[in-house]
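Taken from TrEMBL as is:
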BINDING   T196  FAD binding site
BINDING   Y243, G334  D-dopa binding site
DOMAIN    6-346  domain 'FAD dependent oxidoreductase'
Amino acid sequence: MATTSIVVVGAGVLGLSTALVLSKHKGLDITVVAKHMPGDFDIEYASPWAGANFFPVGAPGSDLQKFEKATWGELDRICREVPEAGIHFQETKTYGRKKDAGTAVGQWFQELVKEDAWFKDVVPNFRVLPKSELPPDAETGTTFTSVCMNVSVYLPWILGQCVKNGVTIRRGILSHISEAGSYHSSGKADITLNCTGLLASKLGGVMDASVYPGRGQIVVVRNEPGVMVTVSGTDDGDEEATYIMQRAVGGGTVLGGCLQHGSWESQPDPNLAQRIMQRSIDLCPSLVPKTGKVTELSIIRHGVGLRPMRKGGPRVEKEKIDGNWIVHNYGHAGYGYQSGWGSAWEAEKLVLEILKQESVVKAKL
Ligand code: FAD
């Protein structure tokens, strides 16, 4: 049977999800090549730092909204049917404050905190909170059932599913996208999937100037909040956020955070960490039931990750570079997990279009 050589560049949540979706097709010989792999912690690698939950933020009509909507069904299925994937359901509360409307964080969470949110019929148990259940400075609030992933389990689980389906996994650093074929056993890539996240801004042949970092700082603690909660902003600055989520299967609780546009700073800021912890216990006193103080938080680690922001939203497109077919799937900012499957299916559609167009493979897909 004729086979098509596919190289997926990148082993973050987008690269691995895309490889897994493609691996279900016969006739595709897939290699994933990446500088960083699950298990690594590096400032150039966003996926290990994510919470990661499903808090939809795509504007109605956008590709992101389409990807988020599609992804919910798969996260829900995995949550119910595949406990070893490290996802669990979480009851969620979101609070909106009018004064956050123009801030970086307020804009990010604009759709999330709406009382008539577009996803109200997508997620289960969506309900508007009565004023009596809101914090004093919030004007709006909703509750619904969402999920939270333990990314330390979820990423290796996807990787394992890829390997089970025959995908080859390799380490490598590409300076130009056209080098992808040299990592495939056939010595060529009929189609390359570009899932390089933030580094799409530096990869030869791509050099996407609209991609930039959105710095996020977190504190991971052992304390259990009992609810997943976020607010549209804080009084500590436009780029600071408060969100709390408990990861599945012992992954600890992630306290966030911030969205600092354009910052490449890899080290945690101790003052910001202190503010994150104080805001978290103020919002969710059940984190520290004995003393009500930050000192009761049992810290696992401090972390910093850079969200792969992209002006205009995620790029899921096909393009020929130096005569080679490339399918881009990058630029998922703070929503790579919650939009990952929808985005991977879109990339799959583009791969199938190319195969049809080029008749690269005659095998039945
Ligand atoms: P990455 O994970 O960065 O992976 C890129 C891959 O490409 C890596 O394997 C890298 O080594 C490889 N690569 C790049 N360039 C090259 C090259 N030249 N040669 C070889 N390999 C290369 N999202 C959610 O949905 N929900 C959340 O709750 C959430 N919380 C977050 C909290 C924080 C603090 C942060 C920082 C992010 C959060 N995100 C969340 C966003 C999410 O983490 C990202 O959208 C997602 O991880 C991006 O995945 P990616 O695969 O595109 O990029």
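Even glycines carry a Cβ here, placed using N, Cα and C.
Any TrEMBL annotation is an automated prediction that lacks curation.
Structural mapping of features recorded in TrEMBL.
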| residue | record | DSSP (3 states) |
| --- | --- | --- |
| T196 | FAD binding site | coil |
| Y243 | D-dopa binding site | strand |
| G334 | D-dopa binding site | coil |
Around G334 (D-dopa binding site), how many other C-beta atoms are within 10 angstroms of its C-beta?
24
Other CB atoms, at most 10 A from the CB of Y243 (D-dopa binding site):
24
Protein Cβ atoms within 10 Å of T196 (FAD binding site), excluding its own:
28
Separation of alpha carbons, Y243 (D-dopa binding site) and T196 (FAD binding site) (Å):
27
